[in-house]
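Asks: OK, TrEMBL features for this one:
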type     : residues             : note
TRANSMEM : 20-40                : transmembrane segment
TRANSMEM : 46-65                : transmembrane segment
BINDING  : His66, His70, Asp165 : Zn(2+) binding site
ACT_SITE : Glu67                : active site
TRANSMEM : 106-129              : transmembrane segment
TRANSMEM : 135-159              : transmembrane segment
TRANSMEM : 194-226              : transmembrane segment
DOMAIN   : 251-310              : domain 'CBS'
DOMAIN   : 314-371              : domain 'CBS'
Amino acid sequence: MQGFRLGSIFGFEIRIDLSWLLIVFLILWTLSAGLFPANYPGLSNATYFGMGLVATFLFFASLLAHELSHSLVARTKGIPVEGITLFIFGGVSRTRMDAEHPDDEFQIAIIGPFTSLVLAAFFGLIAYIGTNAGWSVVVTGVASYLGTINLILAIFNMLPGFPLDGGRVFRSLIWKYTGNQKKATKIASTSGKWLAYLLIALGFWELFGSALLSGLWLILIGWFLYNAAEAGYEELLIRTSLEGVKAQEIMTPHPETVNADLTLQDLVDKYFLSRRYQSFPVTEDSHPIGIITLNQVKDIPREEWIYRTVRDAMIPTDTGVTARPEEQMSQVLEKMQESGVRRVLVTQNGSLKGIITANDVAHWLRRQRDLGNQMG
Ligand SMILES: [Zn+2]
């Protein structure tokens, strides 16, 4: 998940996914044209719009506070946090790894809903005091909306389905009780999937009960949760399987290479069309200097293929697409993800030892599974 960079708080990079712009618009519209005019009649359109803007902004700040609290606690537990991305259904803290102890996971997970609950109490109190003191509904209306939405956030996030916060709390408790993280994740993910089914069913029920928009929302959220529950479990399976495994155990050794001065036309004719590989290491004087995939070639207009060379199109090795033979696979996977080409060259002292593609990882995992080497 990329998105654009907003800035940074406490050293955490804040990013916004493009899908978030859609939700900002939806919230602003729902509030300015729907909720506020219905609840507080008799104000001007400009006032409703102003209330909508402030409420949307503070809703955004509330979500950020929720995620920041996760990130801050994670950091005190020694878990590196890259930053926070806000997207259509809220936010995620981008961490490089999971908690190693169930108690840590419990604290990291529960602080988020707790923060939302504190915010709900804070805004609720403002609304309560303001209403009794006769403040303008412009203030109390916004405050009471924020109190409600933060309460909903706290409750929704505490539903016991992984990867929601409540699901993580649930997982940490089973993990602590059984001492088995994988089993705990499986149970919490299954519960996440059931929760997703329930949300989808509720959504369809609302759909036929003529609450079109909220029905669609529930279905969308349920679908998202289902996928997240499945992905979360599979990611853990891969991570635990690859724990302690080194790059040289996974790599395909001595891969076929192409010369940097080869034209793209020759590359396509003599390599891509006649071999089953999607990528080749690029060498110069038998040293690896880059990697070329079919995608890079496709980016260059076909009529230029006769004179452009592999060197023009390749991804150079200095962009982080190399790993050492003894490097941990957990690190290598990150490089594969970040480089954007989903493969790395394994090099040692300037010479090529092998290549690792997503296929190599998949093969290795399948072999382990066939050999029954996987735990549980
Ligand atoms: Zn959370």
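Cβ coordinates come from backbone N, Cα and C, glycine included.
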Asks: Return the residues near Asp165 (Zn(2+) binding site) by Cβ distance under 8 Å, restricted to its own chain and a separation of at least 6 in sequence.
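Replies: Long-range Cβ contacts: His70, Ala109, Ile110, Gly112, Pro113, Asn157, Met158.
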Asks: Which residues, given as numbers and ranges, are at least 6 beyond the ends of the transmembrane segment (46-65) yet have a Cβ under 8 Å from it?
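Replies: Residues 9, 14, 24, 27-29, 31-33, 36-37, 84, 86, 90-91, 115-116, 119, 138, 141-142, 145-146, 149-150, 153.
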Asks: With the Zn(2+) site defined by His66, His70, Asp165, which remaining residues of that chain have Cβ atoms positioned within 8 Å of the Cβ centroid?
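Replies: Not counting the recorded site residues, we get Glu67, Ser69, Gly91, Ser93, Ala109, Ile111, Gly112, Pro113, Thr115, Ser116, Asn157.
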Asks: For a three-state summary based on DSSP, what are the helix, strand and coil counts in the domain 'CBS' (251-310)?
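Replies: In the domain 'CBS' (251-310), the DSSP-based counts are 18 helix, 19 strand, 23 coil.
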Asks: Residues of the same chain, at least six outside the transmembrane segment (20-40), with any C-beta under 8 angstroms of its C-beta?
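Replies: Long-range Cβ neighbours of the transmembrane segment (20-40): 3, 48-49, 51-53, 55-56, 59-60, 86-88, 137-138, 141, 145.
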Asks: Against which stretches of its own chain does the transmembrane segment (106-129) lie, if we need a Cβ under 8 Å and a gap of at least six residues from its ends?
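Replies: Those are 62, 65-67, 69-70, 72-74, 77, 79, 99, 139-140, 143-144, 146-148, 150-151, 153-155, 157-158, 165-166, 168-169, 172-173, 176, in sequence order.
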Asks: Please work out the number of neighbouring Cβ atoms within 10 Å of the Cβ of His70 (Zn(2+) binding site), leaving out its own Cβ.
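Replies: Neighbour count, Cβ to Cβ under the 10 Å cut-off: 24.
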Asks: What does DSSP give as the helix, strand and coil breakdown of the domain 'CBS' (314-371)?
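Replies: Per DSSP, the residues of the domain 'CBS' (314-371) fall into 27 helix, 18 strand, 13 coil.
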Asks: In DSSP terms, helix, strand or coil for His70 (Zn(2+) binding site)?
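Replies: In the DSSP reduction, His70 (Zn(2+) binding site) maps to helix.
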